[in-house]
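If you look up TrEMBL, you'll see 20-39, 46-65, 130-149, 161-192, 198-226, 233-255, 293-315, 327-349 marked as transmembrane segment.
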Amino acid sequence: MAAVWAAAFPVVSSLGPHRVWGASACVGYLCAAVAVLSWRSLGRAVSVWIAGIGAVLVPLVVLVLTGGAQSEVGVVERAGLLTVRQGTPYLADPQAVVEVTPYLPGMALFGLPGAVVADGWEPLRYLGDARLWCAAAFLGCLWAAGRVLGGRGTGQLVGAALIASPVVALPLAVSGVDLPLTGLLCLALALAARHRPVAAGLALALACSLKWTAWPALAVVAALLAHRAGLGAALRGTGVAVAGTVLAVLPSALLAPGPLVEQVFAFPTGRGEWETPAASPLPGRLLADLGPFGWYAAMTLLAAGGVAVAVSLWVRPPAGLVPAADRLAVGLCTAFLLAPAGRFGYLALPVLLSVWARLAEAPSRVAPARSRVVAAGSAARPVLVGGDR
């Protein structure tokens, strides 16, 4: 199934990085399928690593070395360079859509390595690729979330399979800018499920300083903390998250308030000077294309969806990691579907949240230890009914 999906990209996609990923991933997934069928004992482990090499490692290395990437990679790297030079990632007067920075200031962190090595030794410049640091942040957050949960998940092999799956492998290779956000949301949910409000708030603050699409997670994590650890814990976690986000955004808000509002809020919702390239034919986009009335209708539906999710959190708060991840996934799906501008690829985030939560909470398949009583009893001489004859 994954191989068929990957094989479609070289045929139907007009984006070079997507075609490169599709060709490499298709071969990797096919070889992984052959490995499963060929080796019964080690087939699963071998197939996961083969899929990871074909769908993640090879296309990522090829695209980094050749400079192939989606436009947002360059946007993040430029944001880091601008932050070093002027203290804010926003140009005062962008001359083209690629000069718009539709992210909050925290995203510029992943462009700082590129700014540091921009004038350095040529081979060293490859280490400045924002995708490498986005991937490192994502993997680090998943590892930390697993540690927080106490290693209850189904193991490293399943985690590797998730990373090698198309829902992670494609964005990791061609873009990667949404992966740190996803990883931080997973970490925040894990911390909240383990009654650690301050740490959950810090993770949320980092996520909310990257993209404002993370802001719905504040309500979900607060509801989870309130249910599991009480109202005080929910207030502490929310307070830390809000304060941390404000501290991260405030410098740019003071230095460039106009560009921040225009590029971060107006541009992604289709109300900016430049037309957003996020134009997949989702319901909200189709409504917005009808004109001003359609745009307001889409925003009204979006607000109604947000209210519905908020009411559900109040009436029936999530009791654990999986319900909280599902509730956040529903809220994000609603937002992505009804927003005036969006992409089909955005839906990978809620899918990944739900899948990860189930894998993280699933009991490990470890063979139970053999009872000493049973072991001792099995060695005893059987007694015949009616005594020895």
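Along the chain as shown, the residues are counted starting at 1.
Including glycine, each Cβ sits where the backbone N, Cα and C put it.
When Cβ distances are compared across the two stretches, the transmembrane segment (46-65) makes contact with the transmembrane segment (161-192), since 3 or more pairs at least 6 residues apart fall below 8 angstroms. In this chain, the transmembrane segment (198-226) lies close to the transmembrane segment (293-315): three or more C-beta pairs between them fall below 8 angstroms, excluding pairs fewer than 6 positions apart. Ranked by Cβ pairs under 8 Å to the transmembrane segment (293-315), the stretches 130-149, 161-192, 233-255, 327-349 are led by 327-349. The listed stretches are 161-192, 233-255, 327-349; of these, 161-192 has the most Cβ pairs under 8 Å to the transmembrane segment (130-149).
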